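Report on one structure; see the data block that follows.
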Amino acid sequence: MAGSALRRLMAEYKQLTLNPPEGIIAGPINEENFFEWEALITGPEGTCFEGGVFPAKLIFPADYPLSPPKMQFTCEMFHPNIYADGRVCISILHAPGDDPMGYESSAEEVVTCNKAWKNFTFDLVSMLAEPNDESGAKCRCRKNVGGKTGEEFNKIAERIVGEEH
């Protein structure tokens, strides 16, 4: 199965280099291992993340695209859909089946293989722009800002963006 996953990842990388999506640059860390990628995600305009560039890593399983990759920011992030260790909690990165957090049904989850990279990028940028406060990672943000939202969240996010420059 790893052979077909490798072929798929090589084809996706070729497409990314020929037609890069807006808002993300991604590719293998080195060409010896196509299962570990690094990415740079730009903060969406008009949000508290605007102006930031956020590094992340993607780890693809041997049965990709049947199972989604794991994604983790490698910089500080403060967001209801991102755990304290940087792991991303978004439906397109959930394994097929029911959501362990009980938020989404299996019908709502879509693994990356069913989406073009442009759609994946759109979903990721949308997550930054419009947090899902019903996410499994949400309690981290509520804990850190004392259950408050809005201005305090924006201040923390803007501080992180400032540190990234």
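Just so you know, glycine gets a Cβ as well, placed from its N, Cα and C.
If you check TrEMBL, you get these features:
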type	residues	note
ACT_SITE	CYS89	active site, glycyl thioester intermediate
DOMAIN	4-165	domain 'UBC core'
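Taking the domain 'UBC core' (4-165) as a whole, pLDDT averages 78 in the prediction. Counting every protein chain shown, the Cβ of CYS89 (active site, glycyl thioester intermediate) has 22 other Cβ atoms within 10 Å.
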